[in-house]
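J.: I'd like to ask you about the structure that follows.
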Amino acid sequence: MRSSMFFAVCAAAALQTALSSPIHPRHAHQSFPNTEQWPIATVGKALKQQLPDEELQGILSQVSQDNIEATIRKLASFGTRHTLSSQTDPARGIGAARTWLTEQFQEAADASEGRMTVDWNSFVKYPGDNERIIFPVNITNIVTTLKGSEDPDRLYVTGGHYDSRNSNPIDYQGDAPGAVDVSNSCYTNWVWEDASGVAVSLELARIFAKYQPKTTIVFTAFAGEEQGLLGAENLAQTYKNNSVNVAGMINLDMVGNSKAEDGTSDPYNIRLFCQGTPLTENSTTTTSRLSIGGDNDSPARNLGRHIYEVASNAFTEMTVRLIYRLDRYSRGGDHRPFLEAGYTGVRFVQPNEDYTQQHQNVTVRNGKQYGDLVEWLDFEYNTRAAKVVASTMWSLANAPGEPMNVGINTTTSDNFSQFKWTAPKGLPVEGYEIVYRETLEPHWTSVIEVGDVNWYNLTSATIHKDNVIFGVRSVGKGGYRSPAVLPFPFGCTRNC
């Protein structure tokens, strides 16, 4: 009996040792290299993030926390900014907010020596299939355009929405906090959803007005967001109907608070939501994209990677965290109508959310304050977010356009990767770069400088097209780079 127990214990111990060991006992005497990067980069060099040049550093140094806070507090003072609220009251409602914002954008434009203009993009929305529109209402976007000096026909749009709502999406008569009946309150002054984004748009318009970007930048304040992204939809369709080249839309919606509902603080990160397969992509292109594993390299996600490279640094004191989603669960934002119009759009959002402060009546329940109030804001965080957006917009607006017709030859199966592309229109290109990364990496890790050519033959068998994701990007004056473009296969006859 003792002998049986002894052998059972020994067997169990041996089994446990075998299960816990990552190396089979027969090979325990052997060793093997464990490389962190695979495939081993034998071509090119490690890719480094782009730091701001002296001019951009000067822009970042001008971003004012005081200005951002003052804008938010002023927007809060209008009580409700509901899309259906008064448009004639000089002190309360969306009309008063619109008038004040227009004046502020115009004041910025006055310092631009004629380069910046302020316009209204207005339309009337009637009741019908939208249950949040209960009577005809004029909806007005404030559109502030800073014309580019060399390639004015390429636009980059940024901004947030200045309308607001509370728990009841059709309550448009709520007064400002302080006149609130706790038992029956439906009032809000809505500060970071989305006064925080509008404040950034206005602050950057003030600063950029004194500079001359090479391409056009549009600073917006959208209305009708809370009724179904109506303002952004109208502006996106207006651009589309007029064949305007919107090269990128950067939505700023909820960028003013670093704390979560449980008090967790994350003050140095900002989320960037990036859609995968384009919403308007045709089935043939999508099939090709999926066949090469390119669903993670949509224009939106490569724009996101570009933003990470130019805006995550010690000058912004922030790290951009890409989120591979169109938006948060069950939520939407003003970048979506641009995506639906065939443009590239992404959305900045603070790292954590407190749902007691979103779309809530301003009230106290069980000793806890609800509502979107000024005291919840982290103005230092909001200011750092503004620097991230400033770095993004300036870097995009001074870079060449993305290379066009980017392809990779798949005529035959071999160890070579032959790329071709055509030059973008507009700003001159000084050269091109091929970037690559392991398929599971979120960001580009390596870069090959190929010069001012329109093709390149990569002869390295270790950096095989089956094992990495490639991108091609333009490089312009001062080292400003475009977002990378995924090469699609050409010359293949099946499975592509």
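From the backbone N, Cα and C atoms, a Cβ is placed for every residue, glycine too.
According to Swiss-Prot, the Zn(2+) 1 binding site annotation covers His161, Asp181, Asp253. Residues or ranges marked as Zn(2+) 2 binding site by Swiss-Prot on the basis of similarity to another entry: Asp181, Glu226. The domain 'Fibronectin type-III' annotation in Swiss-Prot covers 402-496. Annotation comment: Swiss-Prot describes Asn138, Asn241, Asn282, Asn361, Asn409, Asn415, Asn457 as N-linked glycosylation site. Taken from Swiss-Prot, the feature signal peptide covers 1-20.
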J.: Look up Asn415 (N-linked glycosylation site) in the DSSP assignment and report helix, strand or coil.
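T.: Coil, per DSSP.
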J.: In the structure shown, which of the binding-site residues Glu226, Asp253 has the fewest other Cβ atoms within 10 Å?
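T.: So among Glu226, Asp253, the binding-site residues given, the one with the fewest Cβ atoms within 10 Å is Glu226.
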J.: Looking only at Asn282, Asn415, which of these glycosylation sites has the biggest number of Cβ atoms within 10 Å around its Cβ?
T.: Asn415
J.: Per DSSP, how many helix, strand and coil residues does the domain 'Fibronectin type-III' (402-496) have?
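T.: Once the DSSP states are binned, the domain 'Fibronectin type-III' (402-496) shows 3 helix, 43 strand, 49 coil.
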J.: Enumerate same-chain residues with a sequence separation of six or more from Asn138 (N-linked glycosylation site) and a Cβ-Cβ distance below 8 A; give 'none' if the list is empty.
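T.: Once residues fewer than 6 apart are set aside, Asn138 (N-linked glycosylation site) is near Gln87, Ser122, Phe123, Val124.
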J.: Using Asn457 (N-linked glycosylation site) as the reference point, find which of the binding-site residues His161, Glu226, Asp253 has the shortest Cα-to-Cα distance to it.
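T.: The smallest Cα gap between Asn457 (N-linked glycosylation site) and any of the binding-site residues is with Asp253.
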J.: Could you check which of the recorded positions Glu226, Asn241, Asn282, Asn415 is the closest Cα neighbour of Asp253 (Zn(2+) 1 binding site)?
T.: Glu226
J.: For His161 (Zn(2+) 1 binding site), which of these recorded positions sit within 10 Å, Cα to Cα: Glu226, Asn241, Asn409?
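T.: Within 10 Å of His161 (Zn(2+) 1 binding site): Glu226.
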J.: Any idea what the Cα distance is from Asn241 (N-linked glycosylation site) over to Glu226 (Zn(2+) 2 binding site), rounded to a whole Å?
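T.: Spelling it out, the Cα of Asn241 (N-linked glycosylation site) and the Cα of Glu226 (Zn(2+) 2 binding site) are 24 Å apart.
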J.: Which three-state DSSP class does Asn282 (N-linked glycosylation site) fall into?
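T.: Coil, per DSSP.
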J.: How many neighbouring Cβ atoms, not counting its own, are there within 10 Å of the Cβ of Asn457 (N-linked glycosylation site)?
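T.: Asn457 (N-linked glycosylation site) is surrounded by 11 other Cβ atoms within 10 Å.
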J.: For Asn409 (N-linked glycosylation site), write down the residues of its own chain that are at least 6 apart in sequence and whose Cβ falls under 8 Å from its Cβ; none is a fine answer.
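T.: Listed in sequence order, they are Ser417, Gln418, Phe419, Lys420, Pro489, Phe490, Gly491.
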J.: To the nearest Å, how far is the Cα of Asn282 (N-linked glycosylation site) from the Cα of Asn415 (N-linked glycosylation site)?
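T.: Their Cα atoms are separated by 30 Å.
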